[in-house]
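Student: Let me give you the structure first, and then I'll get to my questions.
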């Protein structure tokens with residue numbers, strides 16, 4: 001449509017265009033309607049309910065005494081039908097599932113990385129007491145820096161908190177160093193197969209020491225757990241009693257850690273991240289003097305020189321990586337406890353064992369007999385059944 005009429009594109013409709021008798025204002029041009037009111041080439045099929053938008057204005061000028069102004073204004077009719085755009089945003093439940101999945105994936109990946117570097121360090125530097133202490137020291141240092149720089153809010157604790165945390169830290173120290181001793185003697189996969197028997201220790205300790213009763217399916221789930229672990233131990237190609245005993249002691253210690261943790265944390269408002277940070281600090285204070293007494297600085301110095309001569313500077317990176325990733329994977333696991341139920345956490349822990357066992361066999365080319373693999377599968381299946389039976 002072409003018109004000499006001055007229009008504003010923001011609020012003028014077709015009906016106003018045809019029926020307006022008063023002057024139509026053009027920005028900054030207060031002209032009278034007599035200046036121009038001739039319409040040329042008007043399309044009468046235009047809707048009277050749709051706004052007009054100006055596309056161009058030609059020959060815009062002011063009239064003189066000897067001439068009349070002829071301004072051409074081209075406009076087009078706007079589409080006024082509403083657009084229907086459906087954007088599906090994830091609901092709260094879907095977002096929570098994605099968050100839990102991210103926690104699990106991070107937890108498992110960090111655990112695999114830790115086990116790989118931990119085994120590399122122990123192969124070249126067979127001093128599990130020191131490596132256990134260093135992993136606690138690295139995590140403690142990371143959290144102290146986070147608190148000091150206010151990257152993480154420091155927990156508000158009191159004497160009762162640290163008093164309730166003490167038995168948890170003792171059990172955690174024993175379980176941590178026992179598992180490291182086990183890995184220094186046997187394959188990573190074998191240690192985790194034995195550690196998958198932890199639910200059996202949990203039920204037995206709770207039944208005979210705490211007097212807690214469980215449904216029959218819980219007791220029945222112990223049969224494949226114990227049977228599978230026993231079958232794997234008997235058929236292990238590189239069986240070592242120290243490695244087997246370390247994994248069993250670690251199971252028992254972590255059961256007591258969980259029991260003490262549940263009792264001591266009732267009514268406490270400390271996040272999972274800060275709780276594990278405090279646990280690492282206290283465990284470090286407990287473990288350090290024992291590490292010095294069992295191994296000592298002289299053995300550490302000799303072992304460090306030997307490892308450097310064999311591996312080179314990469315050994316320092318291995319040592320730092322195993323210390324850092326130990327803290328990170330445990331921290332993520334405690335953070336996930338804030339988001340999920342204990343049952344979901346137990347299932348995630350079972351799946352983590354599978355992830356670590358398979359990954360370590362592939363990475364370290366661990367020889368596995370078919371009967372040994374069957375035993376591991378039975379034990380892990382029993383652990384999964386146990387987690388479902390406790391629901």
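In case you wondered, yes, glycine gets a Cβ from its N, Cα and C as well.
All annotation found in TrEMBL is predicted automatically rather than curated by experts.
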Student: Transmembrane segment per TrEMBL: which of the ranges 272-294, 295-317, 318-340 is that?
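Tutor: Per TrEMBL, the stretch marked transmembrane segment is 272-294.
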Student: Have a look at 69-88, 129-148, 149-168, 169-188 and point to the one annotated transmembrane segment in TrEMBL.
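Tutor: It is 129-148 that TrEMBL annotates as transmembrane segment.
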Student: Which range out of 100-117, 272-294, 370-387 gives the transmembrane segment (342-364) the most CB pairs under 8 Å?
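Tutor: If we count Cβ pairs closer than 8 Å to the transmembrane segment (342-364), 100-117 scores highest.
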Student: Mean pLDDT for the domain 'Sugar phosphate transporter' (98-387), rounded to an integer?
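Tutor: Within the domain 'Sugar phosphate transporter' (98-387), the model's average pLDDT equals 89.
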Student: Would you kindly list the residues that approach the transmembrane segment (100-117) from elsewhere in its chain, counting only those six or more residues past its ends and only Cβ-Cβ distances under 8 Å?
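Tutor: Those are 183, 188, 192, 318, 321-322, 325-326, 328-329, 332-333, 335-336, 339-340, 344, 348, 351-352, 355-356, 359-360, 363, in sequence order.
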